[in-house]
Each structure stands twice: as C-alpha cells, then as structure tokens.
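**Q** Okay, these came from TrEMBL:
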ACT_SITE  Asp27  active site, nucleophile
BINDING   Asp27, Asp29, Asp228, Thr244  Mg(2+) binding site
ACT_SITE  Asp29  active site, proton donor/acceptor
BINDING   Arg144, Ser195, Asp197  alpha-D-mannose 1-phosphate binding site
Amino acid sequence: MTASAIRPWAELDLDAIASHAKAIAFDLDGTLARSKKPISQDIADCLTALTHRLPLAVITGGQFSLVRSQILDMLDDRAYKANMHLMPTSGTRYYHWDGEQWACVYEHNLSVAEREAAISSLKRHAQEQGIWESRVWGERIEDRGSQITFSALGQLAPLDAKESWDPTNEKKNRLAQAVSADVPDLAVRSGGSTSVDISLRGVDKAYAVRQFAKALGIDVGQIIYVGDRMDPDGNDYPAVKAGTMAIRVAGPEDTLLVCNALIRHLPVIA
C-alpha cells in the first residue's frame, strides 16, 4: 500500500475490515495515548473488550517499562492477557503472557560498536542542524539495547512542549536522513513527537507484524494496524507496507471511535 492509498479512518468501511480481521495491532504514542502518558479509562475499556475478540498487539518505539506504565498498569483483571502481544522498541523485542509473567519471546540487540556509532552520529547532526536544544528535560539520547532513541527535548519533556516542537515532522525527518547516511547497516526512523529511533535494519514494525502473524498462524493481511504516523517517513509506515489493513488516526480520540466501531462488529471469542 502506498502512502497516498492510506485513507483516514472515517473514510473506511470498518464493518468490512472487521469481517476480514483475525488480529489487531496498535501504535502507542499518538494513537492509544499522548506521548508517554497513560491511556484513558475509555481506551483501557476498549482494549479490554478487544482482547476478548481478537489477539491484540501493541507495537511501539518506547521501551517495555513505558508499555507497562502507559497500558498494563491501566488495565484490570478483566483484560485477557493471553491474547495480548507486546512489541516495544519498534518490534525489536516481543513479550507474551506465559500465565505468570510477561516473558520475552525474542530480542534483537545492537552491538556496542553499532550503538556508539549511532549515538555519535545523532549528537553531531543534531548540533549541526541546530536542534541540540539548550533546554531539555531528562536524557536526550537513550540506549535501550535493541534501539537508540534521540529525544530532542529530553525523555521527560512536558507534552505541550513536545507536541509544538516539530508539528510537521520536518526536523525529525531531516535528522533521520542525515544519520541514516552514517550508519547504512542500521534502520533510522522518525519516531514520536520529538524522537528518532535507530535499530537493526530489517527489524522494524514490518518485522513486528510479520512475527505477530507468524505467532498466530495467520496472514499479515488479516491484521488491522492502527497508527498515526503512516506517512513514508513515519515509524508506522513499515507496518502499512507489510500489508496490514491500515487505519490512520490523528490521535487517541480517533482511536476510541475506531475501537468502539470495531467492537460492535466483532464477536466475543474468549
């Protein structure tokens, strides 16, 4: 699917999509929740309902601790955890409930040399491009083992500052393009509102949805993927190109409407 073929959710036949779906996957920041913020109670209720209808994945650039604080801590015992698949750091890690805990199914870590090269390139180009900001909240560059993440305003920046820093994504995209030339063996993607993510090439959200499909024994084309960054430079685009049924949203408010519509069309199976 090309970027021009990705239509806003309100233009889609959600009934037809639901009838074809065998699983559903969500981006996190900008889709289920605002950046690094917990999901709302309404979203939590929808996710709970969906876990009783379809296998459900969360595929996010954030690390597992954020998945826990933003999603898991907001769910109660009604959620069917056995139907949940958690894929943090852009799908470079995969966790599934084993009956007692969230067990790591796989992880694809960067080497020390790869991490050092990525960090050096991010710092140099951010300074050259004038986006090494003087005021930051928390660390600018985070080594997540399987992913290096640059956050222009720091990991702990307030939401209003983050959402107003690069609304057109031009700053992030320009930095990602420059860094990509320095580390051709790695994948460099424009991530959340202020972030650029670097991981092993070929291990991205396309890889994640393929692994999700493989775990379930279904085709990628039977997975609904809901995300907000489906432009060619966005980190949701690989999941679209992989062949999922893409639903583009503008934020959690849209996602809530999409989820409620899908829930009406999907039968309870667990």
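Positions of Cβ are set from backbone N, Cα and C atoms, glycine also.
Predicted automatically and left uncurated, TrEMBL annotations should be read as such.
Help me picture these features in the structure, burial and contacts included.
**A** Around the Cβ of Asp27 (active site, nucleophile), the same chain contributes Ile59, Thr60, Lys205, Tyr225, Val226, Gly227, Asp228, Arg229, Asn235, Asp236, each under 8 angstroms and 6 or more positions distant in sequence.
Reduced to three states, the DSSP call for Thr244 (Mg(2+) binding site) is coil. Less than 8 angstroms from the CB of Thr244 (Mg(2+) binding site) sit Ala25, Val209, Val220, Gly221, Ile223, Ile224, Tyr225, each of them six or more residues away in the same chain.
Long-range neighbours of Asp29 (Mg(2+) binding site) (same chain, six or more residues apart, CB within less than 8 Å of its CB): Ser35, Lys36, Thr60, Gly61, Gly62, Gly192, Ser193. DSSP gives Asp29 (Mg(2+) binding site) a strand state.
Sequence-distant neighbours of Asp197 (alpha-D-mannose 1-phosphate binding site) (same chain, 6+ residues apart, CB-CB distance under 8 A): Gly61, Thr89, Ser90, Gln147, Ile148, Thr149, Phe150, Val188, Arg189, Gly191, Asn235.
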